[in-house]
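Asks: I grabbed these lines from TrEMBL:
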BINDING   27-34, 144-147, 173, 181-184  ATP binding site
ACT_SITE  34  active site, proton donor
BINDING   58, 150  (R)-pantoate binding site
BINDING   58  beta-alanine binding site
Ligand code: PAF
């Protein structure tokens, strides 16, 4: 695996690369969900590149930028073993040169749900992803469905800016008990981790109920109740949305998704389920 570090010229390396290229952008602290992205990337293209960059633009002032898990040596080993060909570890100065003043903002779809709870988050994501896609110029880029709204925002941005890349969403990888893998699960105490299983269970039950013809509002209220019973201290949203526009739904449609963000102890978890 070729490694390009901060200050080195990714464009020259990219130009020298032959064959189709798939990109897996990450913030490191890799888990099996990321490795599934690499695996899928290998099916999609002849070469696979990954990036690791903990993007300060997508963290709010009170969020966890400073303590976001950083495990570079382990990440490098995992990517190498997974068969990644190229890894770019840009520094902040490579992506945001002095005086950086440009932001990519995707209106509408960015404004609800995570956008409401985390103002500025999706502009930070869209800006860095646009820069990574332009610098690496892959044929395909892969993102996990775990961050379902992020995937929708990136698809919109790529269409709107006519970026010549195909965006592929990859299903969420879950622990045996159903909790979606996330680098932020590392923040959970053993007790919080045990209680967190209520999140996928509440989603699965609500999905099942809606599929079985239960009124949407009732199924959602029951799901919220289950989370509070399990010890979640707050629920930012537990909603049924249109899978493409992410507009809230009160009645069933063809393509729907259940989405949730809830807080357990000091940690905010998100998840989603198809219906
Ligand atoms: O999903 C992530 O890890 C990040 O939001 C991404 C897409 C790498 C942008 O920083």
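Along the chain as shown, the residues are counted starting at 1.
Here the Cβ of each residue, glycine as well, is placed from N, Cα and C on the backbone.
No curator has checked TrEMBL annotations; they are predicted automatically.
Keep in mind that what you see is a predicted model, and the values were worked out from it rather than measured.
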Asks: Return only the integer: C-alpha distance in Å from residue 150 ((R)-pantoate binding site) to the residue listed as 'active site, proton donor'.
Replies: 15
Asks: Roughly how many Å separate the Cα of residue 33 (ATP binding site) from that of residue 58 ((R)-pantoate binding site), to the nearest whole number?
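Replies: Rounded to the nearest whole number, the Cα-Cα distance is 20 Å.
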Asks: Using C-alpha atoms, which one of the recorded positions 34, 145, 173, 183 comes nearest to residue 58 ((R)-pantoate binding site)?
Replies: 183
Asks: How far is it from residue 183 (ATP binding site) to residue 34 (active site, proton donor), counting Cα to Cα, in Å?
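Replies: Counting only the Cα atoms, the answer is 10 Å.
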Asks: Can you tell me the three-state DSSP label for residue 173 (ATP binding site)?
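Replies: Where residue 173 (ATP binding site) sits, the three-state DSSP reduction gives coil.
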Asks: Measuring Cα to Cα, how many angstrom lie between the residue listed as 'active site, proton donor' and residue 173 (ATP binding site)?
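Replies: Here the two Cα atoms are 9 Å apart.
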